[in-house]
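Written out below as structure tokens is the structure these notes cover.
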Amino acid sequence: MRPMTPRDKIRNFSIIAHIDHGKSTLADRLIQACGGLTDREMSEQVLDSMDIEKERGITIKAQTVRLSYTASDGETYTLNLMDTPGHVDFAYEVSRCLAACEGSLLVVDASQGVEAQTLANVYQAIDQNHEIVPVLNKIDLPAADVDRVKEQIEEIIGLDASDAVQISAKTGLGIPDVLEAIVNRLPPPRGGDHTAPLKAALVDAYYDPYLGVVVIVRVHEGILKKKQTIRMMRTGGVYEIDKVGTFNPKLTEADALGPGEVGYFVASIKEVGDCSIGDTITEDKRPTDKALPGYKDVQPVVFCGLFPMDAGDFDDLRAAMGKLRLNDASFTWEMETSAALGMGFRCGFLGLLHLEIIQERLSREFDLDLIATAPSVVYEMSMTDGTEIELHNPADMPDVVRITEIREPWIAATIYTPDEYLGSILKLCQDRRGIQIELSYVGGRACVKYELPLNEVVFDFYDRLKSISRGYASFDYTLIGHRAENLVKLQILVNEEPVDALAMLVHRDRAESRGRQMCERLKELIPRQMFKIPIQAAIGGRVVARETISAMRKDVTAKCYGGDATRKRKLLDKQAAGKKRMRQFGKVEIPQEAFVAALRMDGD
């Protein structure tokens, strides 16, 4: 068991970068340089533990690793690296990781420059008083333009980039310089008395099938040790610690963790939902008087229904959801039934990427075929009797007569784009009811700030933005609250039956065009039947658009040659009566592709 590290020999730091700028690769190189793993154990992106993280090249869960580094001054330092997610959906995880560190490496791709998500995280780091060391990655690429990117860092972020470390994480070039910069330019942990009552921040937690919940902590004051009884200040849970240790990057047991150290503990906690990220952990018998600042409850922003393709898979889906919830407390769900899709769940997510990842993990790790309904956001409603309600599912909207006001969530979006795509991007934002706040030019690129309704962004805004800008635009957003809007519920009726899975709330000005679009799309996608199928879009009791799928008809008069016309008439009338009866009792099956395609807004 190792002794506790003196505080002045500890460096806690995180790596901030936009998606694909080489953050996880740099982390791999640092682990390799410090001998954290042997070459045989080394795999690409050691810290991205989920397959899906490696495939998409993104970090979803924050990870930590402790490294020992002997610097050029002969001293041995303990480096605690926290690898944070880069995506906007996981902004809260990032903020908690940054709060556990004193410094950051800002990694910027020398061929691409500063992107929107880099900025969001850098500003968070600056708010936490971080010392920031700029690192220019991929300098071996032919397209790398080091001077231009240094200029961008100085102009956009306002950091001095003259002594930025230049590296290529892929080839390992410049990695020793990064390690020296961490030791010499980043500060050791501030304050922290080891005799004071325990005060530690809960940075993250994950579920291990053997150990149960493993909690990642950063100790600020006091000592965290085995057999100690601790209390979570937020949730009030009291636990006895079974194991304490650090990530090297494998779990390595220790006797205790002192001030400034980052490590883990295991304490027979049943599920990750019992641990709130950002909570303060203290001793049960001798608690600290004040919790650490910055905690907030993570609220789901986007909701959608998930239904099994085969109704028999419902129990498997429920079990799979329970397992995912063990590891991801920000994902919420409750059961719901849909007339069109049967039994399923209404799920809440932090954002669209989070939704996609959960869906993909359900189908990949649990081998489930799922139908997902259109993502929707949380609307607030003021009722005539003075009550306030939240609406998660447009199909459950109460009668319009009882509602005095509907408010929808708005976001402040920042978009960075090369100049040539600016026109199309402005048009996209205008089409989505956006309000332009600011347009500025920085380092040869346009920076557009817009306020947009989240409802308009939630389905395919990001895909459209990427396709318009050939992937060059980057996008970041923060929620700015709810605003009252003139919203109506658009219902789609197939064969005069409302399809609850296709119900949505839209702005009154756009309801008609949206309804027409949906009807036209469904007309192409629903297979023809033996009877006529009307497809209608309705607001309240008023139909605003209609398409009709014509019936397939058999030529019943083919066998009549000449002869009496009444014979033909009789056969045609018989066919018409049969079709009428079919239309009365016939159920129209809507194929899954029709659901998905009908929900994609812009036909391209």
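Cβ from N, Cα, C; glycine included.
The GTP binding site annotation in Swiss-Prot covers Asp20, His21, Gly22, Lys23, Ser24, Thr25, Asn137, Lys138, Ile139, Asp140. Annotation source Swiss-Prot lists domain 'tr-type G' at 8-190.
Sequence features, as recorded in Swiss-Prot, placed on the structure.
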residue : record           : Cβ neighbours (10 Å)
Gly22   : GTP binding site : 24
Ser24   : GTP binding site : 24
Asn137  : GTP binding site : 30
Ile139  : GTP binding site : 18
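The secondary structure of Ile139 (GTP binding site), as reduced to three states from DSSP, is coil rather than helix or strand. Mean pLDDT for the domain 'tr-type G' (8-190) in this predicted model: 74.
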